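A.B. asks: Input: one structure, supplied below.
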Amino acid sequence: MLYYLFDYLEKLQLPGARLFHYVSFRSAVAIVLALLLATVIGNRIIERLRKAQIGETIRDLGLEGQLSKKGTPTMGGLIIIISILIPTLLLARLDNVYILLMIVTTVLLGSLGFLDDYIKVFRKKKEGLHGRYKIIGQVGLGFIIGIVLYMNPAVVIKENSEVLRDGQVERVHFNKQEVKSTKTTIPFVKNNNFDYADILPLEGKTKVLFGWILFVCVAVVVVTFISNCANLTDGLDGLATGSSAIIGVVLAIFAYVSSHIEMASYLNIMFIPGAEELTIFAFAFVGATIGFLWYNAYPAQVFMGDTGSLTLGGIIAVFALIIRKEMLLPILCFVFIIEGLSVMIQVFYFKLTKRRTGEGRRIFKMTPLHHHFQKPGNAGIDAWLQKPMQAIPESKITVRFWLVGIIMAAITIATLKMR
């Protein structure tokens, strides 16, 4: 909104009004504003949640310090959502299709998570919203994102190709024409590009249609999987919040370089016109998560609940799809994914061994993976992996997972220059 106001003021030749035309300036304002909003309104929202007795119910899993969390306010994801949306609405261009998709993602998954938390708190159902309804919401969002990216005429890219001399890359050339494309960025392949339409040996319109059908299916899987993995990661104070902030920084960098033709040329990635506005959203996302971490760090004064975790995961997934970096998520979202996979592997192995031997066995002492490190090796749990033998304090597990996230974020950026 402020963009349009200052655009009008610039026409009146108001000194300094042109600043709002610079994405870098608006991004800087966005992160500061989001950070201030999260810290200032966060305290007030926490007090209201506490007075309304909107507290977390805790199951006794035998974890150190677990029962002390009972009654801690939940639904704190509202702080994150508000702190993302207000800077975005004020500073970003609202005629940009990518910004509109991110706003829809934030509101839709925020509402889905809020409904889940509401059922847990007020209807006293620990399982919350039935899993099938969560999946329907996530699949529906992924389908919407895929279809909009397919059908909206503003969603285009400029394809890149290498110009070689003596077998060496001399420069990267961008085609003048902006095209609809099912290409995505992936390291270790020619031009760092991979086209979904090339999977099957098809030609013409059939090939194009197949590429978009596959892209929509990938969008559905990515949104559903990453949002659920983020939800499972939110089990230790500050873990999901800090990990999301790290991922958000990388996504902000990707959005900026993808919309800057010289930087895109240097990194040999596709140029995406209009993606620069996503930088503002990403900085608001980072500011909101860091601000929320002020209250969510150990010992947490508030939990984000599904209101926050589903939203964070969905935002990361949709953002990556828009800037065509979804194939980098296994590296960038490594912490989220190993948390989710640990649960899937545990359930699969338990059911498999129970069917074969009549007694279910475990690989990990407890899942998601962060709980495995909270359990000592002599806890009497029959699990294939018993190390570490000593329980690790919650705060140390969180910091170590953050460090892993930072390392994987650096590797993600580095892959763009690998040939």
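Start at 1 and count along the chain as shown; that gives each residue its number.
Just so it is clear, glycine is given a Cβ too, placed from its N, Cα and C backbone atoms.
Per Swiss-Prot, transmembrane segment is recorded for 22-42, 72-92, 99-119, 135-155, 208-228, 238-258, 278-298, 303-323, 328-348, 396-416.
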A.B. asks: For the transmembrane segment (303-323) against the transmembrane segment (238-258), do we get 3 or more Cβ-Cβ pairs below 8 Å once near-sequence pairs (under 6 apart) are dropped?
C.D. replies: yes
A.B. asks: Do the transmembrane segment (208-228) and the transmembrane segment (135-155) come together with 3 or more C-beta pairs under 8 Å, pairs six or more apart in sequence?
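C.D. replies: Yes, the transmembrane segment (208-228) contacts the transmembrane segment (135-155).
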A.B. asks: Could you check if the transmembrane segment (238-258) is in contact with the transmembrane segment (135-155), meaning 3+ Cβ pairs under 8 Å among residue pairs at least 6 apart in sequence?
C.D. replies: no
A.B. asks: At a Cβ cut-off of 8 Å, and with pairs 6 or more apart in sequence only, do we get at least 3 pairs between the transmembrane segment (72-92) and the transmembrane segment (278-298), yes or no?
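C.D. replies: Yes; at least 3 Cβ pairs under 8 Å.
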A.B. asks: Counting Cβ pairs under 8 Å that sit 6 or more residues apart, are there three or more between the transmembrane segment (328-348) and the transmembrane segment (396-416)?
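C.D. replies: Judged by the Cβ rule, the two regions touch, with the required three close pairs present.
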A.B. asks: Which bits of the chain, at least 6 residues beyond where the transmembrane segment (99-119) starts or stops, bring a Cβ under 8 A of a Cβ in it?
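C.D. replies: Same-chain contacts beyond the ends: 74-75, 77-78, 81, 84-85, 88-89, 92-93, 125, 128-129, 134, 137-138, 141, 144-145, 148, 227, 277-278, 280-281, 305-311, 313-315, 318-319, 322.
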